[in-house]
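Data first, discussion second: the structure below is written as structure tokens.
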Amino acid sequence: MLDKELRSMIGQVKDGRMDRRAFIKRMAAVGLTAPLANQILALGGVAMAEGASTYKPTKRGGGGALKLLWWQGPTLLNPHFATGTKDQDGSRLFYEPLACWDPDGNMKLVLATEIPSIQNGLLAADGKSVTWKLKPGVKWHDGKPFTADDLVFTWQYAKDPATAAVTIGVYRDITVEKIDDLTVKITFPKPTPFWADAFVGAGAGQILPKHLFADYIGSKSREAPANLAPVGTGPYKFVEFKPGDLIRGVINPDYHMANRPYFDSLEMKGGGDAVSAARAVIQTGEYDFGWNIQVEDDVLLRLEKGGKGKTVYAVGGDTEFIALNFTDPNVEVDGERSSMKTKHPLFSDPVVRKALSLLVDRESVKKAIYGRAGRTTANFLNGPEKFVSKNTSWEFNIEKAAKMLEDGGWKAGADGIREKDGKKLKIVYQTSINGPRQKTQAIVKQACQKAGIEVELKSVVASVFFSSDVANPDTYPKFYADIEMFQIPLSQPDPSQHMRRYLSTSVATKENKWQGTNFPRWVNKDYDAAITAADMEMDPIKRAAYYIKANDLMWQDTVFIPVQHRLKVEAAANNLVCVISGWANETDNLFDWYREG
Amino acid sequence: MSQYVLRRLLIAIPSLLGISAVLFFVLALAPGDPFSELATNPNVPPEVQAALRAKFGLDDPIYLRYLHWLNAMLHGDWGFSFVSRMDVDKLILQRLPTTLYVIGSAQILALLIAIPVGVYAATKPYSLFDQVANTLAFVGFSLPTFFTGILFILIFSVTLDWLPFVYTTDIKGTGIHWGLEMIRQAIMPVAVLGLFQAASMTRFVRSAMLDVIRLDYVTTARAKGLGQAKVIVKHVMRNAMIPVVTLIALQMPAVFGGAIVTEQIFRIPGIGSLLISSILSNDTPVVMAVTFVFACLVVLFNLIADILYGWLDPRISFR
């Protein structure tokens, strides 16, 4: 779509000559989805549409008990200490943010009254500040009023390094000031195109009550009694918590949203594994909802036959990928393997990287493993839609790969393995131990063998692979292998954090104790320029173009071989209407859940 | 007697110290850290992970960490879980009743099956009853609990829909209804664990009985004209129970271990599943505490066994 045409359309919407829906339809016609259109409108000066609600019940309560099954049960209930989404999910039953994301990636108001936009004056045109108006009359579960002080406090609490909050990254560089009891202004140090991070969503956005945490800021943070007994503003009030096992809540009769919530009580049971969780929801109906059902699709299809439940999918931006190592994992320079002073002996030839990409059969992986929960893709960046490149393509073609290698001088040796200049096409392929990943490994290995590449498979237990343990050689940031496969979740409907990881300045090395996020150790000036520009760009169209360019650069250089765009999979009782967003936690839209019939 | 118990308890102290040291160093050397999940979270800058590690003392040298732990333990402070930031003793106490209920019931079930069956089989060796019991026992301890557990779930929950397969500590209702539900949900895990235990114990009881039944004094007792029941119960069983008591006592900690698998399958929030999840998340303080509790159980049950020996056979005196 032409920049000019788009701008004129935005102008038309602004002047009221085109209605919003028509605009979104036109955008959809050129391959862009509603969330994209919405956000483009918002940043183009037209207010972002509020996520439409599908909630039907006409009175509060009366829905009985809601039984949730989380096979990894929440272990703590302070969202700012959350290690992993399970803890965010558990806290989110009680605490709330100003806004959250609906299934389409639209913003949905929770504790705020209005979505900030340039038009309504709440969002500064230079992108350096945003003002939020809070809902009046909201009360904490203990009856104390919810005010701007609570937001200012949450910011102070999270940004204090001594508190050791995991949300510090969101809060430490911003300033939050109270304008009046129901207004706060957030100031950013530089133009911030994605301003909806602090106080939004379940990840970092949950707001704490000042009156209960004020004495436990900083080094005393662990001692707060409210860490284990949350007092929030949410639809359910806290009753009981047993870490890893059980959370119980009852309806909040003073909840600030009309007719909500529907259920009279809720229970979140933890423990077990995904398969039996799917069974308890879909087959036996013992539970209403099962979280994160990472189970092979044919198992789910079998359970669904005549069962009491169904699977629910949500599209987000998670990509299962194979990363290529641009440095040599087998040579040690100054006591460091995969050192920036080396080049990968095989992958320094782009032909090998391209051939490898041709050997990954995304369609078979989808069919054999992910089923309805996966989509084939050529892109590293798969969402939100407006940032997804349409310039890329993928292909599975063993003959073509073999020919490319042959033409590139990689000739088959006596053992059938190709070699060039004495270097054999032998690679080590590592990933974390996980059923679908081991199956994918086998599929890729088979194709590689046919093309004359020998692949040694390696699998590392997840707790080691994903750790930051400097002493362990098998972690993914150290990347002491030729290729490795996993996914990095895209935790918000914006790619900035995600794409910033691969800047040349972020290479993981011994010097930074492998805390750098650029683990393929790929260096590209054009990529750096695109990402840096996108970070400051307030024009949404140009900004999207930068990310698309960045993604295309990765595709051209074959830094990642995207295997599958993964969807979130949940299990739900047939009569449960659950609102799940690929851009939010499962419990983020809980206030909109109800039972039908 | 009391002097003996006291002496035994004092001897236990160095063993427990040794056990704790070994456990701690092995855990500290094991890979992974409790904050590994944060590594792929883009909201968490590496400095924060580093700060958390520093705050929780994970960067201190191992011996220092051990001394800190030991010192705290001696003062009755079990530390706090890195993962839930809750005090470890609270965490364990929350789960102990469930473990005791399920495992205790399973153990009682095992004894109720093993002793009569084993004794009866031994009195009639190679009879039909003996052979059937033997075969079942072999099958029983050859099938691992994770297999029988899933089999039970498929039969009684999925196909027949009689029993729930998710154990919940939060049963609605009071009085009799509550009690019945508690029993209902425990049936499968107790049966799985109890039958497994019973199988190996039956074999053991039988062979211990056979050893004693052939001794001369038993023949003498019979020759004196004592009834079969009296001979078996008074003369044979009492002596045969000595090795059985040893087995049961030494097995107790292992039962807690074996329950780990059962607890996972049925989602029983017991100590075993706490241990598993803590190991998976590298939550050292909890792993230390739970394993240490197991170590204490070993020592305790050994002591109980020793005391029972004296009661079963007064020739074994406490000195």
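Each residue, glycine too, has its Cβ placed from N, Cα and C.
TrEMBL lists B:96-305 with the feature domain 'ABC transmembrane type-1'. The transmembrane segment feature in TrEMBL is assigned to B:9-30, B:100-123, B:135-158, B:186-205, B:240-266, B:286-312.
Residues 101-103, 105-111, 113-115, 117-119, 121-122, 133-134, 136-141, 143, 145, 148-149, 152-153, 156-157, 163, 165, 167, 240, 243-244, 247-248, 251, 255, 258-259, 262-263, 265-266, 268 of the same chain lie 6 or more positions beyond the ends of the transmembrane segment (B:186-205) yet place their CB under 8 Å from a CB of it.
Panel annotation: around the transmembrane segment (B:135-158), residues 164-165, 188-189, 191-193, 195-196, 198-200, 202-203, 258, 261-262, 265-266 of the same chain, lying at least six beyond its termini, place a Cβ under 8 Å from a Cβ of the stretch. Between the transmembrane segment (B:240-266) and the listed ranges B:9-30, B:100-123, B:286-312, the one holding the most Cβ pairs under 8 Å is B:286-312. Long-range contacts of the transmembrane segment (B:100-123) within the same chain, counting only residues at least 6 positions beyond its ends with a Cβ under 8 Å from a Cβ of the stretch, are 129-130, 133-134, 167, 182, 186, 189-198, 201-210, 213, 228, 232, 237, 244, 248, 252, 255-256, 259, 262-263, 268, 270. Here the transmembrane segment (B:286-312) has long-range neighbours at 5, 8-9, 12, 15-16, 19-20, 23-24, 27, 69, 73, 78-79, 81, 83, 88-89, 91-92, 238-239, 241-242, 245-246, 248-250, 252-253, 256-257, 271, 274-275, 278-279, 318, meaning same-chain residues at least 6 beyond its ends whose C-beta is under 8 angstroms from one of its own.
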